[in-house]
Structures are given as C-alpha cells and as structure tokens.
Amino acid sequence: MKKNVLLFCLFFVLLLSFGCSDGGKVKEDEEQVELLVSAAASLTDVLTELKEEYEKDHKNTSITFNFGSSGKLAAQIEQGAPADLFLSASAKDMDNMNDKGLIDEPSRIDFTQNSLVLISNKDSTIDLNSFEKIDSAKIDHLAIGEPESVPVGRYTKEVFEHLGLWEPLQSKLVMGSDVRQVLTHVEMGNADLGIVYASDALISDKVKVLAKADTEWHEPIVYPGAIVDSSRHKEEAQEFLDYLMSADGKLQLEKFGFK
Amino acid sequence: MTNGDYTPLLLSLKVAAISTSIVFVAGVFFAYLFAKKQFFGKSIIESFFMLPLVLPPTVVGFGLLVLFGKKGWIGSWLIEWFDFQVVFTWIGAVIASIVVSFPLMYQSAVAAFESLDKKFENVARTMGASEWRVFWTVAFPLAWPGLLAGLVLSFARGLGEFGATLMLAGYIPGKTDTIPMAIYFAVESGQMEKATFWVIIIVALGFSTIMWLNWWSKRNMRRFSNDVKRR
Amino acid sequence: MLKVHINKQLFHYDLEVDFTATSEIIVLFGPSGSGKTTILNSIAGLCQPDSGEISLNDQLFYGDKNGSLPTRERNIGYLFQDYALFPHMTVEKNIRYGVKKKGTELNLILEKLLDVLGIRHLLSKYPHQVSGGEKQRVALARALATEPSILLLDEPLSALDSETRTECQNELIRLHELWKIPFIIVTHDMDEAKKLGDRILFLEKGTIIKTTACNR
C-alpha cells in the first residue's frame, strides 16, 4: 500500500514538471521581461511617468525602479544587487563603475542634462533676476547643497566661485545634506534663496525660479546611463536607454526640467 | 587636520549644557507633578512626551520646522514680538536637543520619584514641612541618583543629536556645526582624517560621562545599601 | 482630648470607629488588615475618611463640612513602623527637621530628649550607622522634638529583638509620663498591648469589638 502511494506521488511530480516545461516552450516568444533599473533619485518623477507610456508600447517588458543616490546605487550593484540598467546623476560614480568593469562600456551614454536655478519662496517679495545680482547684505540665508559631499552643492560652489560670490556669501550659506533639504528650506520660507536643479524646482509648487545659471559657469551636469555588465536582459535595457534618447523620451525629460 | 577649528567642540558643549539644564528642570517638574497625581489625559500627555523617542529624527526635525520656522506657529510669533529667529541659529540646535533628550530625562525622573518611599515625604509633612520644603529636603535629594542618571543620559543624547538639528539649525560652518554634523559631512565628503578626529573626541566625551556616572552611582549606592544590610 | 468618629469604605469592609482619648496611652489591637493603620493615617491626615469627624482639643482635623486640615498644620508626631529616618541626613539633622524656632526653651527640650533617650553620642552619625534600637529612639526624639499635641505610633517595636523591646517599652512609658499627651499605639502583640496601654481597643474588620481598661 505504502509503495503504491509513493509511486503515485512520483508519477504526479513527473507529470507536473512535464506540464510546466511544455507550457514554457509555447510562450517563449512573448516572455515577460522584468527590467530592473537603478536610477538617481532626481529622476524619480520623470521616470515614473515615462514608465506607463513605455510599458504600453512594450507589452512584454515591465520596468521596476530602484531609486537612490547615485553613489549608493553604485555600491549596491558592486555588492551584487540585481540591476539591468544604471541611470546615474554623476559621471564620477559611472567612472568608478567602469573602472571596476561593472558596466557594459560601449553602451554608456549621457542621456540628459540638468541645470542649476536660483529659487525663492513663491510668496517671496525678493526682486532678483540673475545670479550676479545676489547681494549678501539683502538676504539672511541662502540654502545650497553641502559642496564637498552633495553634487548640487559642488556645482553651486563652481558657479559662485566663477562669479566671485563664494567668499562674500560665506556667512549666509546654509548647507543641506541633499537637494531635497535645500528645497524644503526655501519651500518653508526659512531661507530667502536656494540653489537647486531645474528639475527639482519644476516639481515644487511652493517655489519660483528667479534665474538660470549659465552652463558655462560650471561643469556640465550630465546624466550618464549604461547597461550593467551582469544583466541578462541587455537587449531590453538597450531598448529602454534608446527610448530615453528618442524624441519621445526627450520631450518627457524636458517636461520635467531636463534637457 | 581640523585647521585648528574647534568650534564644533565648543558649540556642542554649549548646546548640550544649555539644553540639559532646561530639560532637567522641566523633566523633574513634570515628573514630580505626574508621579503623584492621576488625572484624565495623563497617559496622552505622557505618550506625547515620549514621542520623540520613537519618531525618526528627520520627522522630529520637520515637525520642529513647522513649529519654529519663519512661517511656523511659534517661529512667526517669536519673530514678530521679539525679533528672534530660531531656525538656522545655534538656538535651533538647543531646541532640537531639548526635544530629543526630554523623554530620557522625564522617564528617569518618573522612575526615580515613583520608587521613592512615600513614608519619607509623609513623615516630613507630619513635622510641619510645606510641600515646597518636602520636595527640596526629602524628595529631591532621595531621588537624586535617578535624576542624575537622567541628567547624564540627556547630556549624552544632546551631544549626539544630529538629524533634527540638521533640519532646524541647518549646517552653517562656524555657526551651527556641532560635532555630529562635522562628522557626517566629513564622512560624506571622504575626509576620513577629520572624521576620525571628531569621532575620537565625541566617543571620549560620551564614554567619560557615562563612566563617571557609573562610578558615582556605585559609590553612592553603597551608602544607601548599608542601611538595608544592617536590618 | 482627641475625638475620633469616622467612616471609611475599605477594600474588604467598612471601617467605622468612634473613640476618644485624653492624655493616656491608647492601644489599637487587632490582626493585620483590621484597619489600625488607616485610623492612624486618618488622624495624621495622610488619608481621608469618607465621613465623620476628627478633632484634637479645640482644633478640628476633619469635618464633613469643613473638609480636611493639612497634615503639616495638625501638630502631630508620627512614628512609622520602620521609623522612616531620612537616610541622607545625620541623626542631628533628622531630629532638628521639624524644629521651627531656635529659642533657648526649645534647646532645653532637645537636651532633655537627648538625655532621656541616651542618644547624644549618635548625633553626627547617619541612620545606616546606628542599630535598630537606636533608630527607634532617634525616631522618637524626632517626633517629640516638634512638641506635638499627640503622638501616633505604628507598631513601633516590631522591628526590635526581645531584649531591646522591653527596654524601649519602658522608655515609652517614661516618655509618656514626661510629655502628658495622648499616645495612640498600634500593635498586634498582646503582651505589649497589656504592658503599654491605659486602654486597649480591640479591632476586627474595621469595628471596635471590645474596650479594656488596664492597670499598669
């Protein structure tokens, strides 16, 4: 009796496994691919919107994002976290990844750019329309990213140094640990002025843009993207990267303050 | 390696000392009041006191910005009436320290007063002592070991406060850069030597305060426990 | 004269007692949980009866209409079961705690207490440095130093060994003869009750079931 039960079980298991592999063969052409994209936090809004559109046109691809600071994402991938595509906000992190052989080098491309803007609270009465006219005597606090550790702060410092404002503004600078904090200080009216990425200023309805920094004043703020070397879906990853570079993709990015 | 700039040390000590003094007085006051009386809503107020202990520091910091920001409920009032700004000043760091260390002081003080045998206060009352005198000559000195533990914990917590401080006081080098902020930004920007220097300083400070507390309370416990052994 | 007539609902039963005391030693005798300590605490004002009246001489301690006089204004002496000496004060500071004025007359009282109780050599010591019998004497001195109009004693001798106990019983009687105020003593030791009491009130579940006058 016992033997019979065992045999029956074995038969059942065999049948089950057969059935499965069989079904797999039939659907191979339309296999669902889950594309894992590690992307810089500043891309959150644009990518989330873009994803819907993209998945409509690419029925067999579903995209999962992992947003975070570029440095942390790079470290995750280095530790073996699964990812197909890496969209970074800093060339430095991408360079590091490249040096360690973690990305597919030929696929690397700067897919968009960001710019720096001078913002104030929406209700602010400050009359200012250019970076050069910032008068240290007329403001209490200017919020920026910490220049040594936050990318936006590094670019800001370059701008002020270029304009000869870094020293005069020293005592007015409030430094945030990320661009979000800089935005918060201006949104809540605690800092008179702030300097953030154009894309950040665009998504906040509590701030207004007073001026745009000339791209000549700082290193270009580029967003490099590349396929992760260990990816098993390189084809689909390339397809998504191409989409970002396409006219459709560019339009979406521009809508969110990128160019 | 710190360019001879010791402002973080002095600032941290100043902020922790002032906030601890305020927290001590307020914590002892509320604990003594609440340990003796039962009233409606007491547990709600106590939970509110404890809230900063469970909330993430950035949430506490955001809440403080809402209250003390230039447009905040209290902040706008302070500016209007006293032309006094809290946000982005070292006072902001004091307030952040107060809020996060108050629960520790309050909890220690409540425990200290609750473990106090009521007979000591009662016998003082039978001898004609006023409530004020009962507190200063009996309750306070007898609860002192517990109160001191709360004091030291509050000081250590105030010294190490970072998240809420960064939000409310901002990071303004030379003005609001406490030791934890100096460490954070040194680490983030890869200045490991500077970070190590400040880590050593803050570990030494925290370690010696707690060592001192342990030594002191052991010595003191001996005096009180003799009483028990004799019986 | 002390008049006590009180009602108070306790956990298991209703406390209802009615008695008076002149300058004598009254012993409240009964098993634990019979309400003895509650009576003392009511006289001291450390707990409140539900209704009734407590007065000492012409002073109303508690009345249904007048409410309760705060403990500190009742001018009583209270000796707790384990004496409750302040552990952080010297014997001298303990004894002087309730002393308000610093006249020569008062010093005389203190001197007399120190001599009668034989505790002068303990003045600079802390409570944990003196023996059980000595503690009891210090606590007595502390309670009497305020010149109370009544002395309440809650099982004052229960923590002592039998030899010290007899000694202290004699001392209590001697002190009472000197002070001439009502002493209310709570105990559950029959021999002690007989030895100390001018009158013994037998308590059971909150009521006085018997009163015995003793001839010492």
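The backbone N, Cα and C atoms fix where each Cβ goes, glycine too.
Keep in mind it's a predicted model, so treat the numbers as computed, not measured.
Reduced to three states, the DSSP call for A:VAL179 (molybdate binding site) is helix. Per TrEMBL, molybdate binding site is recorded for A:SER42, A:SER70, A:VAL179, A:TYR197.
According to TrEMBL, the signal peptide annotation covers A:1-22.
Taking a C-beta cut-off of under 8 angstroms and a sequence separation of 6 or more, A:SER42 (molybdate binding site) has the following same-chain neighbours: A:ALA89, A:ASN114, A:VAL179, A:TYR197, A:SER199, A:ASP200. Every protein chain considered, the tally of other Cβ atoms within 10 Å of the Cβ of A:SER70 (molybdate binding site) stands at 26. The DSSP secondary structure for A:TYR197 (molybdate binding site) is strand. Largest Cα-Cα distance over the residues recorded as binding molybdate, namely A:SER42, A:SER70, A:VAL179, A:TYR197, equals 15 Å. Cβ contacts within 10 Å of A:VAL179 (molybdate binding site), excluding its own Cβ and spanning all protein chains shown: 25.
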